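Accompanying notes for the structure given below.
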Amino acid sequence: MEDLGWWGVVLAVLAGAIRVSTPFLFVSLGELLTEKSGRINLGLEGTLVMGAMSGYAISYLTGSPWLGVLVAGVAGALFGMLHAAICSLPRVNDIAVGIALMLLGTGLAFFLGKAFIQPQAPILPAIDFGWWSDVPQVRAALQINVLFVIGLLLAPFLLWVLTNTRWGLIVRTVGDSADAARAMGYSVDLVRLAATMAGGFLAGIGGSFLSLYYPGSWNEGLSSGQGLMAVALVIFARWHPIRCLGAALLFGGAGALGPALQSVGVSQGYYLFNAAPYVLTLVIMIATCSPTRTLAGAPGELSITK
Amino acid sequence: MVDQIARLPRTASPLFPGFSLDSVRRGAEAILIPVGALLATAIVFGLFVAAAGADPLETYSLMYRGAFGTWFSWQNTLQRTAPLLLTALCVALPAKLGLVIIGGEGALVMGGLVSAAVGAALIGVPPWLLLGLMAMAGMAAGGAWIALAGALRQFRGVNETISSLLLAYIAIALMNHMVEGPLRDPASLNKPSTPPLGEANMIGSIPGLDVHWGLVFGLIACLAAYVLMQRTTFGFGARMVGGNVRAARMAGLSVTTLSMITCFLAGASAGLAGMVEVAAVHGSAKASLVAGYGYTGILIAFIARQNPLAVIPVALMFGGIAASGGLLQRRLDLPDATILVLQGIAFVMILASDTLYGRFRIFQPRG
């Protein structure tokens with residue numbers, strides 16, 4: 001194995017950006033869709049953990065990791081349904097319901113996932129994009145999972161749906177002015193239910209990536225706030241799917257910094273480097289938010305920016 | 001129409017002057033709706049446990065025994081209630097201003113870490129002084145942590161719910177770093193920790209009980225928070241900000257000062273919980289400080305409807321539930337996450353029950 005020195009760190013961060021960003025990407029696209037309909041779902045952290053657990057369990061029980069991904073998405077959609085159903089009751093606060101579902105999702109996943117901590121389930125395959133290189137680190141870095149590619153295509157697709165289709169217009173109308181949508185004869189609750197379920201579906205898939213590809217096993221410390229950071233990431237991306245993609249890659253790179261430094265022997269401050277994504281999120285939020293004006297691109301009905 | 005005449009003013013009951021039936025109705029609503037939500041939780045959780053292959057009735061009787069059945073379990077429950085009282089205040093106080101702060105775990109960890117560092121640095125001074133300084137340092141650290149989230153909200157418009165939770169993750173990382181690096185006790189091998197305080201410097205037990213003084217701190221804090229919010233000008237201002245920020249500004253209240261002080265007090269109470277955990281339970285700061293008290297505190301504050309006095313019975317109940325977890329694990333082979341599931345269901349039910357307020361005619365004022 002060649003010694004790449006500090007270039008190894010750069011390479012590992014870039015490779016990590018691709019690998020670690022996938023769950024960020026899926027959760028943030030899901031959250032973006034939900035927020036476009038005017039509701040915020042803080043519970044995606046719980047959905048993510050639930051997706052990771054159910055995907056892993058199904059992959060172990062059936063031997064098919066892709067079935068696991070699908071079931072993870074369905075589990076996420078069910079959580080989205082629960083969120084939307086409770087929030088559609090009058091005088092119920094969507095942020096608080098999100099916090100509750102964060103606790104419920106995590107608890108349920110830990111409860112049901114107890115039996116799946118030990119066994120090894122079949123995990124998702126990777127596509128080898130690095131066949132042309134002789135350097136093992138480069139080859140390892142270019143082992144890219146199919147889900148990342150799907151996420152890469154999903155971002156422009158979502159942008160197209162939101163800007164150019166009838167459905168996208170309905171979702172945005174509901175998100176910007178519930179009264180206008182009602183006047184046009186659309187059911188606000190129904191549209192939000194669909195958007196929250198679709199968002200939960202994507203977040204569940206993001207969770208399955210954690211357990212079925214990287215790190216590639218199920219345990220209780222699997223998610224460390226990715227679902228929550230994705231919510232902040234959507235604000236940073238100003239509710240734009242393509243900027244979400246860029247932000248997810250940035251967060252992935254920050255998340256890969258700690259392990260990359262450790263691999264070249266920098267173990268001092270390992271925990272501090274692991275906190276890099278949280279600090280980055282906070283710094284980004286401080287830089288982008290403003291106390292006096294509403295953020296450009298924010299859906300008008302969103303409680304978090306009002 | 002006819003009713004209206006019959007329902008004309010009757011503010012005070014003739015039997016007890018100054019006692020109004022309407023306040024009873026409102027009080028009954030505030031108590032009965034959460035109790036109803038908790039009963040619904042019990043039914044859903046019972047079904048869940050039954051689906052997992054355990055007998056729901058046996059589960060509940062074991063939970064009761066594990067929480068309040070014996071003197072030993074009572075003490076175990078009270079031991080866990082102490083930090084929960086304080087972390088619930090960390091949510092309930094800012095909620096009066098309309099802020100949703102959920103990073104109490106971070107303030108607890110910072111309070112524990114800083115107080116342990118102070119304790120280790122000043123070892124040798126008389127125990128009462130050492131503990132006093134530790135408590136002040138822990139409260140200052142926790143207070144600063146939540147005040148930071150409040151400041152970001154005030155000055156930069158950063159959502160306090162997200163920032164406080166991010167700060168909690170950062171606090172945990174910071175503690176792990178300090179405990180494994182600069183503050184590590186060389187004698188702690190497998191489980192790194194800060195240097196131990198020593199038996200003589202620990203917070204002792206309440207006489208006649210095997211429960212440490214942290215419980216008393218928690219009760220005093222809840223009473224003080226109630227008085228502050230309901231009986232002082234400061235509290236009136238804070239509640240006004242929570243009701244309508246613009247009106248509060250028009251009335252000349254400084255929203256910034258009110259929210260910064262409230263956030264500091266909230267963080268200080270969670271920081272005190274961390275200090276008590278260090279000085280009464282663990283003897284040093286280490287990874288086991290992160291025990292989820294901050295998250296359970298959120299749930300308790302919401303069930304108590306952000307009322308510091310109502311926090312006391314609710315915290316006792318969840319202290320009991322946490323204490324019974326071990327028994328459920330041993331006797332029914334249910335995983336420790338069972339308690340988390342119960343908490344999650346309770347949280348969802350309580351929030352869903354918010355929609356019921358004002359729906360029942362029997363609770364409405366007739367005056």
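In case you wondered, yes, glycine gets a Cβ from its N, Cα and C as well.
What TrEMBL says about this protein:
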- B:30-54: transmembrane segment (TRANSMEM)
- B:81-99: transmembrane segment (TRANSMEM)
- B:106-123: transmembrane segment (TRANSMEM)
- B:129-149: transmembrane segment (TRANSMEM)
- B:161-179: transmembrane segment (TRANSMEM)
- B:211-229: transmembrane segment (TRANSMEM)
- B:250-273: transmembrane segment (TRANSMEM)
- B:285-303: transmembrane segment (TRANSMEM)
- B:310-328: transmembrane segment (TRANSMEM)
- B:340-357: transmembrane segment (TRANSMEM)
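By the Cβ criterion (under 8 Å, sequence separation of 6 or more), the transmembrane segment (B:161-179) is in contact with the transmembrane segment (B:285-303), since 3+ such pairs are found.
Beyond the transmembrane segment (B:285-303), the same-chain residues lying 6 or more positions past its ends with a Cβ under 8 Å from any Cβ of the stretch are 34, 38, 83-84, 86-92, 95, 102-109, 112-113, 115-117, 168, 172, 175-176, 178-179, 183, 188, 191-194, 270, 273-274, 277-278, 310-311, 314-315, 318, 322, 343, 346-347, 350-351.
Long-range contacts of the transmembrane segment (B:250-273) within the same chain, counting only residues at least 6 positions beyond its ends with a Cβ under 8 Å from a Cβ of the stretch, are 82-83, 86-87, 89-94, 96-97, 99, 101, 104-105, 107-108, 110-111, 114-115, 135, 138-147, 149-151, 153-154, 214, 217-218, 221, 225, 228, 234, 237-238, 240-241, 293-294, 297.
Most Cβ pairs within less than 8 Å of the transmembrane segment (B:310-328), among stretches B:30-54, B:106-123, B:129-149, B:340-357, belong to B:340-357. Contact between the transmembrane segment (B:211-229) and the transmembrane segment (B:81-99) is supported by 3 or more Cβ pairs under 8 Å, counting only residues 6 or more apart in sequence. Across the candidate stretches B:30-54, B:81-99, B:129-149, B:340-357, the maximum count of CB pairs under 8 A to the transmembrane segment (B:106-123) is reached by B:129-149. Across the candidate stretches B:81-99, B:129-149, B:340-357, the maximum count of CB pairs under 8 A to the transmembrane segment (B:30-54) is reached by B:340-357. Residues 90, 94, 101, 103-104, 106-108, 110-119, 122-123, 160, 163-164, 167, 171, 197, 201, 203, 260, 263-275, 278-279 of the same chain sit 6 or more residues outside the transmembrane segment (B:129-149) yet have a Cβ under 8 Å from a Cβ within it.
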